[in-house]
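*Asks:* I'd like to ask some things about the structure below.
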Amino acid sequence: MPLLSLSLLLLLLQVPAGSAETAAWAVTPERLREWQDKGIFIIQSENLEKCIQASKSTLTLENCKPPNKYMLWKWVSNHRLFNIGGSGCLGLNVSSPEQPLSIYECDSTHVSLKWHCNKKTITGPLQYLVQVKQDNTLVASRKYLHKWVSYMSGGGGICDYLHKDLYTIKGNAHGTPCMFPFQYNQQWHHECTREGREDNLLWCATTSRYERDEKWGFCPDPTSTEVGCDAVWEKDLHSRICYQFNLLSSLSWSEAHSSCQMQGAALLSIADETEENFVRKHLGSEAVEVWMGLNQLDEDAGWQWSDRTPLNYLNWKPEINFEPFVEYHCGTFNAFMPKAWKSRDCESTLPYVCKKYLNPTDHGVVEKDAWKYYATHCEPGWNPHNRNCYKLQKEKKTWNEALQSCQSNNSVLTDITSLAEVEFLVTLLGDENASETWIGLSSHKIPVSFEWSNGSSVTFTNWHTLEPHIFPNRSQLCVSAEQSEGHWKVKNCEETLFYLCKKTGLVLSDTESGCQKGWERHGKFCYKIDTVLRSFDHASSGYYCPPALITITSRFEQAFITSLISSVVKTKDTYFWIALQDQNNTGEYTWKTAGQQLEPVKYTHWNTRQPRYSGGCVVMRGRSHPGRWEVRDCRHFKAMSLCKQPVENREKTKQEEGWPFHPCYLDWESEPGLASCFKVFHSEKVLMKRTWRQAEEFCEEFGAHLASFAHIEEENFVNELLHSKFNRTEERQFWIGFNKRNPLNAGSWEWSDGTPVVSSFLDNSYFGEDARNCAVYKANKTLLPSYCGSKREWICKIPRDVRPKVPPWYQYDAPWLFYQDAEYLFHISASEWSSFEFVCGWLRSDILTIHSAHEQEFIHSKIRALSKYGVNWWIGLREERASDEFRWRDGSPVIYQNWDKGKERSMGLNESQRCGFISSITGLWASEECSISMPSICKRKKVWVIEKKKDIPKQHGTCPKGWLYFDYKCLLLKIPEGPSDWKNWTSAQDFCVEEGGTLVAIENEVEQAFITMNLFGHTTNVWIGLQDDDYEKWLNGRPVSYSNWSPFDTKNIPNHNTTEVQKRIPLCGLLSNNPNFHFTGKWYFEDCREGYGFVCEKMQDASGHSINTSDMYPIPNTLEYGNRTYKIINANMTWYTALKTCLMHGAELASITDQYHQSFLTVILNRVGYAHWIGLFTEDNGLSFDWSDGTKSSFTFWKDDESSFLGDCVFADTSGRWSSTACESYLQGAICQVPTETRLSGRLELCSETSIPWIKFKSNCYSFSTVLESTSFEAAHEFCKKKGSNLLTIKDEAENSFLLEELLAFRSSVQMIWLNAQFDGDNETIKWFDGTPTDQSNWGIRKPEVYHFKPHLCVALRIPEGVWQLSSCQDKKGFICKMEADIHTVKKHPGKGPSHSVIPLTVALTLLVILAISTLSFCMYKHSHIIFGRLAQFRNPYYPSANFSTVHLEENILISDLEKNDQ
């Protein structure tokens, strides 16, 4: 039942007051089609071409334009016609039937509201028909016949939109249908509504007035196929199947079947004993009998499941006798009975169970490959069929003897896995004049479970009428197949029959199929799809489909065709002509074959309410009831065509003889029906754009030419080819071969490959512009003259039968497909997610990320074409930990999402890590355990260039004063001194442009570290050169090959909650300077209009001089950064030696506790060029690590997941990343750190024990015994009060560090704990419950806006990241109790006072930055006095208490002597 929001519809139709009937309102066929899909239509007089409009008193005929809401109608319950605008139903006063018709309350009793449509008439009671009087008013009459159609539907009638009952779920109406319309809250609803429900579920009343009767139920939600297991479903965690137990409903079998179908589900099927036990458990011990999907309603077949599950498991009630088994055709399940299945009268009313698959591709997928023809070679006496060989043994044997006989011939007793194999069996038995044969299906179990003797899964069953009929007390049951339709019967295994053996054959090449290239063979015929849309007259002429359109003679042929057309179906509006036509307008449809001969119809496959009318021609649907036949207008309707011709004894037409057989070579592209192949050479794939002549020469090196268009189909293909690669909004222009360069051609345009010019491709206005002699092609089917010397991208063309040459400079990359600045490689073979992560990484790419709807559409179209049937493909989404948020593996932000609603999460207790996938059928995303095997896609942002690149050595140059040297760049950090210096993103970019640069493009981890280390001591974030509308490309045009996106709050948009508002906000890249190491240096998107600092970049000026890296100034042994002093030790040493050496220098092996110092050391190590020992080690094989100087910190910087398990001692490599190795290993250096203060032990003696243990820190005691308790905020608060304590508060940074260190052990078990904070509405601030302000806070990227704070929200600490988060006070979380210590034993150690240190804020490390001037004189590079004080709101929760001081920068110790001189 289509559901439409009444409020939305009325809003669309509303016009300004006073002009409701007169205001112009544009209606397109698309809009009408949307309404019609929802059952809403406009009634038009076929003869008068006017439309029915309702008013308060009468109905009149008015001009259809402009339409309004009072013209909209809908069939509703009890055959009533409901007017949308008037909120009433069409009624007839039977006591005075000649008076004008009017609109009445839909539950009126004094008028008749029932109407029927009969072809094009509207008929009421006593055969009264809706007629029109001369004054255009509507009346009821028996005298005249007036015809009505649906406006703008191509002549369709209003009978096409009949109402279909919606059976309710749950509620109190026992499953009875919704009553439409029903009145609720003084409003008539013609559809289900969410009004009045907090859970937002759709519901309806089952009587006309809800307030009077209060009968209601939930609606079968058509969107539930996308939602998964919602509130009215229960999920089997193991099978990912949802079940709906409607135990309070009472419906017939067909009504129950309809109810399930409306939810994208089916009546219960039971595939095996495990599933039966699951259902039995949920039904309990009550003797309730429920409908399931088992039925024998197909008169020509036996018992089957309504969802096409193979029927090989059976558990019939043993006392079943033959008579009711024959009489009753629907199956029930009774959990109270061990033998739970029973047949019943299908009209009985019972409860029912629905079933749907969370992943529909797991079920019901027809093997398309089963219908593909494979030429096969077999031994003499064996019959070939699609890769297998069969032999009917005409010596009668029992089933077991037949099995042994086949095995002795290296074959098996045949299995049958598809309808295609059934057709072969029928043909073979017919040729052998045999009526029946044993097949390899048998059961040896109780309950009965049929299995194939070769061990293959039972994926298809084809039972005979009344089968499978189970013999009681029979331990072994065997199955035979009969000849007429290939149906199966259960037999006594001791009977003797012929038997069919099967074994693998030798598959021959496709050329031996007997069909031309592009045609598919089935039986003795070849078939082809002409994908060009044509009228029936053109399609059936014999020219495009020689010799004729297809005739279909059996269900097997129909199934083959249904499979064939699925490969080209793109939209629900895809149709295919077949040869069926009512040529004489008699209403009788016959086949129109070659020679205009009429052929009788032996088989039909009509769709619902078909054939609709006489005189039409027949199409086959491509989607939504695929393969079903429908009547369409022969002249005006356009469709593809299905062609058919015999394999042998055919005469080739002239067109067929010239048909190009060759596929395109390498990575050239074409489509069926085109004689040439094309290749687009665009700027991302070549080293440079070219002039027209250069482009033509480029094509000629392949043996090709610039593209020409021999006919419109070639232009259409090229146009679609461009659309498949580039954004439609891009104004790209490509050289093609169209030119008028030849002076002897009198200025006429010609194609460079000699193709005749068959159309005027250029507008007349362009003729005469003599200087523009070459044409470019735009992706909107436009050709423009251009100057031949301008440089463009280009398109080449080559005949199919010509193999392209391979120029020596060409780098072949065929498997990769380009789309919008990235390339994709589709791996069809299935494997685990981690395998593809490795493969993609090895190919210098990443597992697929999807960042826009266009990219989603591109991926979906490709995997749909590559998947033979419904297949899921891995994408790059993965949980870092079970139940964590999904993140792109390459670190890019998750901005665009296309989750199948409810399927991004595991619904059960399974803690396995999950990864994301995309469905080839729906294109929607869902998640699955990462160990499952699926195909996948690699994506590389660095596009492979097909031309071999000539290496041009880079040269270092100079930077202006005030800029920092990094590699070949100059960087300028602009840190505002106050709010007046803040700049928005656009202003920052303008400033950079004025300085000859752009906002920075961070190209690698070392550059990221260099910028981060220079932000130390400042409090502002900085803009970088990214925008959200193209965040895969830097502002300077380079692709984003390195990224450092924040895993939290990637989009940081305050005060805007709706997606619609967010779309209007420009978002730009910001680099965070939050001291919490989870956020330091991370990127996220911020409103471009906000003010921050920024970083500019430009290339060094190498025009004056350059310098060799050997001229770099050496790094000194002692370095100061922040309030720390580092010593670099250069010598071959083990970790133990490094530890002793540091002690000899009055230092310790370095401990790294935040991202700033990590970034500083990253820059140093990259400059030095080899790995160094640091002070981290483990004594428990990598389970936990400690710093050798006793520092406690949760900060880590591991290289990868495995790098912490390779040894007991840790080093930092040249990228700064940590790895463990054997402590006895020799490295070339170590990093020492000089202690700067007396360290304080945070853990003193335990507090005196009560009923729970306490840990003391400073003057407080803490109980961590309740961290794993899961309770609400109020319950946690009360628990602590009873223990004489309070719920946890965090008053300073040291306390925060202590707590997070203690909580580290719990991070895998609990995610969040409660904090004892509350929202002060008067001051709009967060306060601790004791009234003190929250000076120490850690909200991550930014503090939530005031509007987020609501009475029912509480504050929790998220343990893995150390950030605070708002959460419902009713959520279940762990907690910590805190109280003051009885005795304060903490002795305060005198700390050092403020000191001034020299640190290199602008350390230019890997900075092959060097200035070479002839004087080679030296100059000191000085910087002004800078304060490194951290403000309270930017405290680092993990950083040990430290004394930050004011420092001076003396000189950059990493720049070269020459560089110093140049400054």
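A Cβ is built for glycine as well, from the same backbone N, Cα and C atoms used for every other residue.
Model, not experiment: these values are computed from the prediction.
The annotation signal peptide is assigned in Swiss-Prot to 1-20 on the grounds of experimental evidence. Per Swiss-Prot, the feature domain 'Ricin B-type lectin' maps to 38-115. The annotation domain 'Fibronectin type-II' is assigned in Swiss-Prot to 173-221. Residues or ranges marked as disulfide bond in Swiss-Prot (evidence: similarity to another entry): Cys178-Cys204, Cys192-Cys219, Cys260-Cys354, Cys330-Cys346, Cys478-Cys493, Cys617-Cys634, Cys699-Cys796, Cys774-Cys788, Cys1068-Cys1088, Cys1209-Cys1223, Cys1280-Cys1377, Cys1354-Cys1369 (among others). Among the features that Swiss-Prot reports, domain 'C-type lectin 1' is placed at 229-353. Positions annotated as domain 'C-type lectin 2' by Swiss-Prot, on the basis of sequence analysis: 357-500. The feature domain 'C-type lectin 3' is assigned by Swiss-Prot to 504-641. Annotation comment: Swiss-Prot describes 646-795 as domain 'C-type lectin 4', evidence class sequence analysis. Look at Swiss-Prot and you will find 799-937 tagged as domain 'C-type lectin 5', backed by sequence analysis. What Swiss-Prot lists as domain 'C-type lectin 6' is 941-1095. For 1099-1230, the entry in Swiss-Prot reads domain 'C-type lectin 7', with the evidence type sequence analysis. Marked as domain 'C-type lectin 8' by Swiss-Prot on the basis of sequence analysis: 1235-1376. The transmembrane segment annotation in Swiss-Prot covers 1393-1421. The topological domain 'Cytoplasmic' annotation in Swiss-Prot covers 1422-1463, and the record cites sequence analysis as its basis. Annotation comment: Swiss-Prot describes 1436-1442 as motif 'Endocytosis signal'.
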*Asks:* Where the distance is taken from Cα to Cα, which of the disulfide-bonded residues Cys330, Cys617, Cys699, Cys1068, Cys1377 turns out closest to Cys1209 (disulfide bond)?
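*Replies:* Smallest Cα separation from Cys1209 (disulfide bond) among Cys330, Cys617, Cys699, Cys1068, Cys1377: Cys1377.
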*Asks:* Out of Cys260, Cys699, Cys774, Cys1068, Cys1280, point to the one nearest Cys617 (disulfide bond) in space (Cα versus Cα); all of them are disulfide-bonded residues in the record.
*Replies:* Cys260
*Asks:* At 10 angstroms around each C-beta, which of the disulfide-bonded residues Cys192, Cys493, Cys1223, Cys1354, Cys1377 has the fewest other C-beta atoms nearby?
*Replies:* Cys1223
*Asks:* Counting only residues 6+ away in sequence within the same chain, which have a CB under 8 Å from the CB of Cys1369 (disulfide bond)?
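*Replies:* Residues satisfying the criterion: Ser1272, Phe1273, Glu1274, His1352, Leu1353, Cys1354.
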*Asks:* Cβ-Cβ under 8 Å from Cys1088 (disulfide bond), same chain, 6 or more residues apart: which ones?
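*Replies:* In sequence order, the residues whose Cβ lies under 8 Å from that of Cys1088 (disulfide bond) (at least 6 apart) are Asn984, Trp985, Thr986, Gln1027, Pro1066, Leu1067, Cys1068.
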*Asks:* C-alpha of Cys330 (disulfide bond) to C-alpha of Cys204 (disulfide bond): distance in Å?
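*Replies:* Cα-Cα distance, Cys330 (disulfide bond) to Cys204 (disulfide bond): 29 Å.
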*Asks:* Near Cys204 (disulfide bond), which residues of its chain come within a Cβ-Cβ distance under 8 Å, counting only those 6 or more away in sequence?
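*Replies:* Those within reach of Cys204 (disulfide bond), by Cβ under 8 Å and sequence separation of 6 or more, are Leu166, Thr168, Cys178, Met179, Phe180, Phe182, His189, Cys192, Thr193, Trp216, Gly217, Cys219.
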*Asks:* Using DSSP reduced to three states, classify Cys1209 (disulfide bond) as helix, strand or coil.
*Replies:* strand
*Asks:* Which whole-number value in Å describes the distance between the Cα atoms of Cys774 (disulfide bond) and Cys796 (disulfide bond)?
*Replies:* 15
*Asks:* Nearest to Cys634 (disulfide bond) in three-dimensional space, by Cα, is which of the disulfide-bonded residues Cys354, Cys493, Cys1280?
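*Replies:* The smallest Cα gap between Cys634 (disulfide bond) and any of the disulfide-bonded residues is with Cys354.
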*Asks:* Inside 10 Å of the Cβ of Cys260 (disulfide bond), count up the other Cβ atoms and send me the figure.
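*Replies:* I get 26 for this one.
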*Asks:* Which entry in the list of disulfide-bonded residues, Cys354, Cys634, Cys699, has its Cβ near the fewest other Cβ atoms, using 10 Å as the limit?
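*Replies:* Checked Cys354, Cys634, Cys699; of these disulfide-bonded residues, fewest Cβ neighbours within 10 Å: Cys634.
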*Asks:* Tell me the Cβ neighbour count for Cys219 (disulfide bond), meaning other Cβ atoms within 10 Å of its Cβ, over all protein chains shown.
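*Replies:* Cys219 (disulfide bond) is surrounded by 25 other Cβ atoms within 10 Å.
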*Asks:* For Cys796 (disulfide bond), which residues in the same chain are close in space, meaning a Cβ under 8 Å from its Cβ, but six or more apart along the sequence?
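*Replies:* Correct list: Phe678, Lys679, Phe681, Phe698, Cys699, Phe702, Ala704, His705, Leu706, Ala707.
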*Asks:* Can you tell which of the disulfide-bonded residues (Cys346, Cys478, Cys617, Cys1068) has the fewest other C-beta atoms within 10 angstroms of its C-beta?
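*Replies:* Ranked by other Cβ atoms within 10 Å, the disulfide-bonded residues Cys346, Cys478, Cys617, Cys1068 bottom out at Cys346.
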*Asks:* What's the CA-CA gap between Cys354 (disulfide bond) and Cys493 (disulfide bond) in angstrom, rounded?
*Replies:* 36
*Asks:* Including all protein chains shown, what's the count of other C-beta atoms within 10 A of the C-beta of Cys774 (disulfide bond)?
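*Replies:* Around the Cβ of Cys774 (disulfide bond), 27 other Cβ atoms lie within 10 Å.
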*Asks:* Going by C-alpha distance, which of the disulfide-bonded residues Cys478, Cys493, Cys1223, Cys1280, Cys1377 is nearest to Cys788 (disulfide bond)?
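*Replies:* Minimum Cα distance from Cys788 (disulfide bond) across Cys478, Cys493, Cys1223, Cys1280, Cys1377 lands on Cys1223.
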